[in-house]
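K.L.:
Found this in TrEMBL, in case it helps:
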- 12-33: transmembrane segment (TRANSMEM)
- 53-73: transmembrane segment (TRANSMEM)
- 85-107: transmembrane segment (TRANSMEM)
- 128-149: transmembrane segment (TRANSMEM)
- 161-181: transmembrane segment (TRANSMEM)
- 193-211: transmembrane segment (TRANSMEM)
- 239-258: transmembrane segment (TRANSMEM)
- 279-302: transmembrane segment (TRANSMEM)
- 339-362: transmembrane segment (TRANSMEM)
- 382-401: transmembrane segment (TRANSMEM)
- 413-434: transmembrane segment (TRANSMEM)
- 518-539: transmembrane segment (TRANSMEM)
Amino acid sequence: MDPLGTMHFTTIDYVIFALLLVASMGIGLYYALSGGRQRTTQEFLLADRSMSCLPVSLSLIATFQSAVAIVGVPAEIYTHGTQYWFIGCAYILGLLIPAHVFIPVFYRLHLTSAYQYLELRFSKPVRICGTLTFIFQTVIYMGVCVYTPALALNAVTGFDLWGAVLATGLVCTLYTTLGGLKAVIWTDVFQTIVMFAGQLAVIVVGVQQTGGLAEVWRKVWEGNRISGIDLNPDPTERYTFWTLGVGGVFLMLSLYGVNQAQVQRYLSSKTEREAIMSCYMVFPSLQVALALSCVMGLVMFARYCGEDQFHKIGNLSKNEMVLYFVMDMLQDIPGLSGLFIACLFSAALSTISSAFNSLATVTLEDLIKPHCSSMTEARATLLSKGLACSYGLICLAMAYLTHLMSDSVLQAVFKIFGMVGGPLLGIFCLGMFFPWANSTGALAGLGSGLAMAFWVGIGSIVTRTSGGSAAVSHFNCTAVQLSGNITTAIGTALNSTAVPTSTSSQPMGLQRFYSLSFMWYSALSSFTVVITGLIVSFLTGPMKEEDVTPGTLYPLLGNMLFFVPENLKQNLCCATPLGHRPIIQECPPAQHKESNVQAVYTEEEERQNFLPTSTTPVMEHETTV
């Protein structure tokens with residue numbers, strides 16, 4: 001019998017869930033009818049660059065703290081123990097580097113789309129390739145985000161799965177299209193609060209029904225779910241300190257450093273300092289979100305680790321485990337089941353709305369405007385709303401593809417961001433940190449990075465490997481044998497005291513390459529882009545200093561080579577001062593050969609310098625400075 005089939009929503013659960021959707025729509029309508037009424041692309045796409053750091057920081061959390069994390073992370077902790085928690089270490093560098101490297105460069109260029117940077121630094125073909133890569137990544141990711149809460153609603157209420165998918169997509173599309181980025185950010189704030197409340201309610205009730213904190217701790221300790229630092233350097237292990245703490249940094253950089261959904265929030269801030277502060281404020285909130293998800297997984301394990309309880313959850317897939325746990329815990333408490341489903345939908349709506357808005361931005365700014373320079377502001381705003389609506393419909397189709405996947409939703413998302421987000425991170429790093437990289441090298445690097453990522457990613461899917469699966473282990477709280485796509489309970493990789501009962505043979509050759517942990521995908525593809533890009537740049541002729549647009553370089557090599565004489569350092573780095581904040585302006589095609597942007601500086605902007613500057617004089621580019 002389907003264990004979820006006997007559980008149902010009450011009237012109050014439906015009311016709470018409906019209130020979430022109504023409130024989200026209400027915020028969208030408010031910003032559609034107030035202020036400038038979303039009549040300009042500046043207001044619709046960038047909130048008039050008027051946001052303060054608090055709502056921006058909460059929106060940054062909500063954008064990628066999706067329903068995937070709320071459903072996927074507890075299942076990972078239940079199955080693999082607390083080793084995953086060490087990804088919190090990656091948040092440190094994963095947020096510090098964007099705050100002090102990427103944000104200043106992007107903000108001082110006064111961009112609308114992050115991919116405008118690629119044209120400034122390289123050429124228009126690089127910009128277009130970067131934009132298309134981002135669109136491909138985000139459309140796939142949206143499908144996962146729409147499908148996950150719809151599956152939850154279907155599981156706990158019997159509501160038609162595809163009816164739930166349609167409802168999620170349409171509500172999100174409407175308030176994003178009506179209210180623009182302001183509506184997206186403020187609904188993110190509201191939905192983040194609902195997310196935390198829903199998770200906290202589940203944990204409190206779960207601990208109480210399991211017998212208290214002491215009983216929960218006893219069961220997870222005896223079940224070997226509390227992990228020490230695993231320093232195993234094997235890159236094929238699913239979770240170790242290195243895969244999470246180092247590989248996770250590259251994943252975080254691809255999300256919080258160069259992803260358009262996040263960059264757009266930085267650029268909507270009032271000042272550069274507000275943008276940097278929002279990045280700092282994200283850190284504690286992300287740690288809280290991670291802790292809530294991990295603790296939920298531990299409570300779930302404590303609840304079902306015994307033989308008398310395991311039959312309730314043993315036949316469920318990873319994507320259904322958390323849903324059953326929540327309904328089992330909360331079905332006798334009116335309203336709390338509805339609160340958690342609202343929590344899931346809040347996470348999903350915040351992520352999807354951010355994706356719609358960022359996709360509309362890059363499509364308009366990178367693919368349409370360069371070819372329609374005479375487009376009026378009113379027509380551009382109307383077109384951007386139409387694009388947001390169109391992408392909302394596309395994501396519904398992608399949800400069906402998600403339905404066909406056998407991976408857990410969390411693993412699927414990590415693979416998407418590693419395989420596509422990693423090469424995008426690599427091309428931005430190539431442009432910012434290596435002055436001699438040229439356009440040919442950037443295109444070759446991006447192509448090779450994507451090829452490498454898809455090679456290992458598709459290879460792991462075909463051979464059904466992606467990080468070593470853990471061996472079966474004995475522990476006092478009854479070894480859990482999970483069926484379906486849930487691997488056997490973890491022991492060996494989680495705790496050195498676990499005694500394995502079986503060992504699997506290590507894969508060899510190409511099979512071992514395909515066994516690479518998905519947490520390394522982003523790092524592998526990023527390095528492939530940079531190395532290939534540098535080699536091709538040297539072979540085809542390195543870019544000269546006078547050809548580099550001022551403000552597009554971060555003096556990383558200059559700072560690292562502090563011991564090198566100044567004249568030699570300038571020859572090696574040719575770094576343009578970051579103290580200048582170029583403003584992007586459109587200029588007639590006759591004024592330059594390739595780029596359709598030029599940089600203009602003001603004295604006030606030059607004084608706002610958050611980064612060390614080079615003494616290298618500003619070189620004239622093809623455009624007037």
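From the backbone N, Cα and C atoms, a Cβ is placed for every residue, glycine too.
Where the annotation comes from TrEMBL, it is an automatic prediction and has not been curated.
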K.L.:
Given the cut-off of 8 Å on Cβ pairs that are 6 or more apart in sequence, determine whether the transmembrane segment (518-539) and the transmembrane segment (382-401) share at least 3 such pairs.
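P.N.:
Contact between the transmembrane segment (382-401) and the transmembrane segment (518-539): absent, because fewer than 3 Cβ pairs are under 8 Å.
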K.L.:
Please determine whether the transmembrane segment (128-149) and the transmembrane segment (53-73) are in contact (criterion: at least three Cβ-Cβ distances under 8 Å, sequence separation 6 or more).
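P.N.:
The answer is yes, given that the two segments have at least 3 Cβ pairs within the 8 Å cut-off.
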K.L.:
Can you tell me which parts of the same chain pack against the transmembrane segment (279-302), counting only residues 6+ beyond its ends and a CB-CB cutoff under 8 A?
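P.N.:
Non-local partners: 53-54, 57-58, 60-61, 65, 69-70, 73-78, 82, 84-85, 87-88, 91-92, 95, 98-99, 103, 192, 195-196, 199-200, 202-203, 206-207, 210, 215-216, 219-220, 223, 225, 256, 266, 321-322, 325.
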K.L.:
By a Cβ-Cβ criterion of under 8 Å, what residues six or more beyond either terminus of the transmembrane segment (85-107) are in contact with it?
P.N.:
77, 114, 117, 227, 229, 239, 241, 244-249, 251-253, 255-258, 262-263, 266-267, 269, 272, 275-276, 279-280, 282-283, 286-287, 290-291, 294, 428, 432, 551-552, 554, 556, 578, 581, 610-611
K.L.:
May I ask whether the transmembrane segment (339-362) has at least three C-beta pairs under 8 Å with the transmembrane segment (53-73), counting pairs 6 or more apart in sequence?
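P.N.:
They are in contact.
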K.L.:
Going along the chain, which residues at least six beyond the ends of the transmembrane segment (339-362) come within the CB cut-off of under 8 Å?
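P.N.:
Counting only partners 6 or more residues beyond its ends, the transmembrane segment (339-362) has Cβ contacts under 8 Å with 9, 13, 16-17, 19-21, 24, 45, 59, 62-71, 112-115, 131, 134-135, 138-139, 141-142, 145-146, 148-149, 152-153, 156-157, 168-169, 171-173, 175-177, 180-181, 183-184, 187-188, 190-192, 194-195, 197-199, 201-202, 259-261, 264, 326, 330, 384-385, 387-388, 391-392, 395.
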K.L.:
Which stretch from 12-33, 239-258, 382-401 shares the most C-beta pairs under 8 Å with the transmembrane segment (161-181)?
P.N.:
12-33
K.L.:
Counting only pairs at least 6 apart in sequence, do the transmembrane segment (413-434) and the transmembrane segment (239-258) share 3+ Cβ pairs under 8 Å?
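P.N.:
Yes, the transmembrane segment (413-434) contacts the transmembrane segment (239-258).
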